[in-house]
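*Asks:* Please see the structure below; I have some questions.
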Amino acid sequence: MEKGPFSVEWLAQSSRGRPQPIAAARRPRSPPGGTGGQESPADLGDPGREAETGGTVPGRPRTKFSAAQLQELERSFREQRYIGTSEKRRLAAALNLSQSQIKTWFQNRRMKFKRQTQDAR
């Protein structure tokens, strides 16, 4: 049988994004997690598996804010819970942090504030 542009084999190969021999395409797949306890390199990099293995997601380490940085961030939060672009830029430059760190700190602080007010009720 010829592998034309509309054959089942051609469609199966094109949907995977890489060509495979027809025999490989017909080979049954092993069930997920059924590798006999051995993880493939692709499984090791899966971020959804960190809860199973107790590992952490590789990337930027957690920022440890100094007391002076926290004091300035808290002061700014007391003035206004939602930070504007210009204030975010000013704080980032003054505290030697990135704008995304400032934004994330404000998001986390609003959630902390929300939990505190809900617990007080």
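Each residue, glycine too, has its Cβ placed from N, Cα and C.
Pasting the feature list from TrEMBL:
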DNA_BIND  58-117  DNA-binding region
COMPBIAS  16-25  compositional bias 'Low complexity'
DOMAIN    56-116  domain 'Homeobox'
REGION    1-63  region 'Disordered'
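A description of the local structural setting of each listed feature is requested, covering burial, neighbours and distances.
*Replies:* Looking at the DNA-binding region (58-117) alone, the prediction's average pLDDT is 95.
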*Asks:* In the DNA-binding region (58-117), how many residues does DSSP put in helix, strand and coil?
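*Replies:* The composition, in the requested order, is 43 helix, 0 strand, 17 coil.
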